[in-house]
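S.K.: Not my notes, these are from Swiss-Prot:
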BINDING   Phe14, Ser15, Gly16, Gly17, Gln18, Asp19, Ser20, Ala21, Thr22, Cys23, Val24  ATP binding site
BINDING   Cys202, Cys217, Cys220, Cys223  Zn(2+) binding site
Amino acid sequence: MIRTDAKDGALVLFSGGQDSATCVAWALERYQTVETLGFDYGQRHRVELECREGVREALKHRFPAWSDRLGDDHMIDLSVLGAISDTAMTRTIEIETTANGLPNTFVPGRNLMFMTIAAAIAYRRGLRVLVGGMCETDFSGYPDCRDDTMKALQVALNLGMDTRMVLETPLMWLDKAQTWQLAEQLGGEALVELIRVETHTCYVGERAELHDWGFGCGECPACKLRKRGYEAYLKGERVTEAPL
């Protein structure tokens, strides 16, 4: 397909979770065109993908100013990533810390593949900005979520595609309480409530019970951090250490 001229638009990595939903709202406040991109890689918590359309529709209907800006959604089958991964995100195994100090929820190469595919789609669609919810403040230590990684990837992608794309990571230095706060700043209590009810974070895919902070098992690291972040947000506090 012929490449279109670069426009005031962004492509957001959107999993259906809290962080990426916040990033979609962040982009909608800044760019005239916002498209979304999801990946089905055989994740254990595949229910998050089922939340994506509900979040998109809610954003359109509850925030009229954003409705015309929210463009196409793209879903990519990346089952090969799940096939080559042996992690707690792609296998039904206990979540634990590995010998290298990383949790076994780390999927090697995941964000590198996500951003590379996103860049190829953005190139074709004429979108200049890629947006991801990576951050260094969630205590996971994932190397492909680090600021240095994203900066290096931006350089590599632009060299390899002869473009001037920008990789934006608006949550990079925000803790989970500040992520809730950002949602409030972007869309008020209505956006906070949308994210609380419509998004999914739980690693094990539990979506049977709605807690104060959202759906989830309440026991996995993702649920504990989301819960702690929501509680800290309500109290005006920060999340300075990993919840137990």
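Glycine is treated like the rest: Cβ placed from N, Cα and C.
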S.K.: With a radius of 8 angstroms around the mean position of the C-beta atoms of Phe14, Ser15, Gly16, Gly17, Gln18, Asp19, Ser20, Ala21, Thr22, Cys23, Val24, what other residues of the same chain does the ATP site pick up?
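M.R.: Other same-chain residues near the ATP site: Val12, Val55, Gly133, Thr199.
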S.K.: Using a 10 angstroms cut-off on Cβ to Cβ distances, just flag whichever of Ser20, Val24, Cys202, Cys217, Cys220 is the loneliest among these binding-site residues.
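M.R.: Looking at the binding-site residues Ser20, Val24, Cys202, Cys217, Cys220, the Cβ with the fewest others within 10 Å is that of Cys217.
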S.K.: Secondary structure at Cys217 (Zn(2+) binding site) (DSSP, helix/strand/coil)?
M.R.: coil
S.K.: Looking at the binding-site residues Gln18, Ser20, Thr22, whose Cα is closest in space to that of Cys217 (Zn(2+) binding site)?
M.R.: Gln18
S.K.: Ranking the binding-site residues Gln18, Thr22 by other Cβ atoms within 10 Å, which is at the bottom?
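M.R.: With the binding-site residues Gln18, Thr22, fewest surrounding Cβ atoms within 10 Å: Thr22.
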S.K.: Could you measure between Gln18 (ATP binding site) and Cys223 (Zn(2+) binding site) for me? Cα positions, answer in whole angstrom.
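M.R.: About 11 Å separates the two Cα atoms.
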S.K.: Which one is it: of the binding-site residues Ser20, Thr22, Val24, whose Cα lies the shortest distance from the Cα of Cys202 (Zn(2+) binding site)?
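M.R.: Minimum Cα distance from Cys202 (Zn(2+) binding site) across Ser20, Thr22, Val24 lands on Ser20.
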S.K.: Write down the Cα-Cα distance for Cys223 (Zn(2+) binding site) and Thr22 (ATP binding site), rounded and given in Å.
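M.R.: Given the Cα positions, Thr22 (ATP binding site) is 17 Å from Cys223 (Zn(2+) binding site).
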S.K.: Give me the Cα-Cα distance between Cys223 (Zn(2+) binding site) and Gly16 (ATP binding site), rounded to a whole Å.
M.R.: 15
S.K.: Per DSSP, Cys223 (Zn(2+) binding site) is which: helix, strand or coil?
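M.R.: For Cys223 (Zn(2+) binding site) - judged by DSSP and reduced to three states - the answer is helix.
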S.K.: Go through Phe14, Gly16, our binding-site residues, and report the one whose Cβ sees the most other Cβ atoms within 10 Å.
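M.R.: The residue with the most neighbouring Cβ atoms within 10 Å is Phe14.
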S.K.: Using Cα coordinates, what distance in whole Å links Val24 (ATP binding site) and Cys220 (Zn(2+) binding site)?
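M.R.: A Cα-Cα distance of 25 Å.
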S.K.: Quick one: which residues besides Cys202, Cys217, Cys220, Cys223 have a Cβ within 8 Å of the Zn(2+) site's Cβ centroid, in sequence order?
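M.R.: Once Cys202, Cys217, Cys220, Cys223 are set aside, the remaining close residues are Thr201, Tyr203, Val204, Glu206, Gly216, Gly218, Glu219, Pro221, Ala222, Lys224.
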S.K.: CB neighbours of Cys223 (Zn(2+) binding site) within 10 A?
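M.R.: Its Cβ shell of radius 10 Å holds 22 other Cβ atoms.
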